[in-house]
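Notes follow the structure.
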Amino acid sequence: IMELKRWLSLVLLVIGTLAVCAQEEDDHIYGGDDMDDYGDADVDVEDEEGAEEKPVETEAQSTPPPSPKVVTYTAPVPTGPTYFFESFDKGTLEGWVISKAKKDDTDEEIAKYDGKWEVEEMKDSKLPGDKGLVLKSRAKHHAISAKLSKPFVFDSDPFILQYEVNFQNGIECGGAYVKLLSETPKLNLDQFHDKTPYTIMFGPDKCGEDYKLHFIFRHKNPKTGEYEEKHVKRPDADLRVYYTDKKTHIYTLVLNPDNSFEVLVDQTVVSSGNLLSDTTPAVNPPHEIEDPDDLKPEDWDERPKIPDPDAVKPDDWDEDAPAKIEDEHAEKPEGWLDEELEYVADPDAEKPEDWDEDMDGEWEAPQIANPKCETAPGCGPWKRPMIDNPDYKGKWKPAMTDNPNYQGIWKPRKILNPDYFEDLHPFRMTPFSAVGLELWSMTSDIFFDNFFIGNSRAVAEQLAIDGWKLKQTADGATEPGVFGQLIAAAEERPWLWLVYILTVALPVFLLILFCCSGKKEPSAAEYKKTDAPQPDVKEEEAVKDEGEQKKEGKKDEDKDEEEEEEEEGDKKQKSDTEGSAGNASQEEEDDDAQNQGEKKERRSPRNRKPRKD
């Protein structure tokens, strides 16, 4: 019973916890304390559809439930200087240039950058008025770019790039990364294509099950003037959810003048390091390299072991012995059908009517397993099975011994690298003057918003609060509570209904069983009335608290004394009556005295057996 109570309490505790969580979820959705966190981010919270303020109700009136709150959208505005910011809330592509270029070395049908771009709201937007740049086409090349207010020069200030992405239809194979186009005299946004020089490429990219978050920068060799792409190490975090949940995510890149960097997704660091030590290939080449003109000497011996020159093949070593021989002890099983074939022509097969022997050759019935062999141990000529040859040793080879002339593994000597240079400030990259999206995607409706380029991390964080955080809040306000999510999950997986039913019905059944299954035992009063002996019980179940036993014994003793006094009075009255009528016999008086003694002994609490509690 105690075990049953513990299980029942646990189940009820789980159900109560779910109910409390659901209530807390409702409090958050309908104007809880969390909504006040956005007071500094210019977020307006209003009643739905302009609900008017109601007069204060009296104490006699019941307080109505709070009205649902909605989060209204206000376009984010930078709180400090920026090099570039675009929220697209004006509803146009003003300032953006759609490329008219073609890709080299590509089929003419897909070489054009003819993918469509639009400025519109998200398909399932929870914030009316929030617009963004949308990649509309699938299986096409897209290219669009815009100029910065002034070129960004990497000097003594940090660099911050930040923007939002929403894969509204998920992502099958495609990218959503940004290119920062290098400041060059030949930069023409109208001809922006994949070969246009860039300084940094940053953002998500996915094809198949390869989930990437690019951070690539082009480093200029100070000796040759040539550029080489440097790939920063990939994040250790699992990026899958950012590509599959169809929610808006914010991507941030922070570069510092000391060459340190941070990559953040949803304001959480997923990768960090240093440009000098965490790139492939390394920014600086090695100081020494192997001499390409150094050749290994012809007599250089790299063999650590050689065959023992003193080893001799034993005289009894037979290299020609076969590996397998026939088992001489094997005997043909009884019932073996030597004359029957394992496969025979199908007797029921018929030549097709359209069979042309001139074209198809002579027709033969297909082969089937011989029915006579199904019950026999075997068919056809019997042969002894093959077994391993115990005398087989194979080809003889001498044992290996240490090579006395071993010189180790040869390596060319090291020389100074003629191309060596040391750049201790890779942060000082080529200035850039435009931001561009040059993408191929097999999925349409990729949503971009709130591009920011600047040197103030505080400005970037405030824009994230005013933009992405607001969208996150709006999404959370429309999501169902705990029970709503359970129902939605059961609609997708019907077998969950069985789990829910068992979770609710089983505790109720156990509760009913626990409360109604016990037997009702006779009370002490019934034993008192009938003067019947009480049933014996186990000692550990019958023992009571010592104080309670004494108290109960005293009550019973007082009660017994009252009953005895009443009986003596009745007996005295009866004796007087009998005395007037005649004297009773001596035998009857002795019997009465004996019965009275037995009854008093039974009623005494000292002789009474302990009752069951």
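Note that the numbers count up from 1, one per residue, in the order the chain is shown.
Cβ atoms are placed via backbone N, Cα and C, with glycine included.
According to TrEMBL, the protein carries these features:
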{"type": "COMPBIAS", "residues": "294-319", "note": "compositional bias 'Basic and acidic residues'"}
{"type": "COMPBIAS", "residues": "524-557", "note": "compositional bias 'Basic and acidic residues'"}
{"type": "COMPBIAS", "residues": "558-568", "note": "compositional bias 'Acidic residues'"}
{"type": "COMPBIAS", "residues": "602-613", "note": "compositional bias 'Basic residues'"}
{"type": "DISULFID", "residues": "Cys173-Cys207", "note": "disulfide bond"}
{"type": "REGION", "residues": "47-70", "note": "region 'Disordered'"}
{"type": "REGION", "residues": "274-319", "note": "region 'Disordered'"}
{"type": "REGION", "residues": "524-613", "note": "region 'Disordered'"}
{"type": "SIGNAL", "residues": "1-22", "note": "signal peptide"}
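In terms of DSSP secondary structure, the compositional bias 'Basic and acidic residues' (294-319) contains 0 helix, 3 strand, 23 coil.
In sequence order, Cys173, Gly174 make up the list of same-chain residues 6 or more apart from Cys207 (disulfide bond) whose Cβ falls under 8 Å from its Cβ. Cβ neighbour count for Cys173 (disulfide bond) (all protein chains, 10 Å cutoff from its Cβ): 15.
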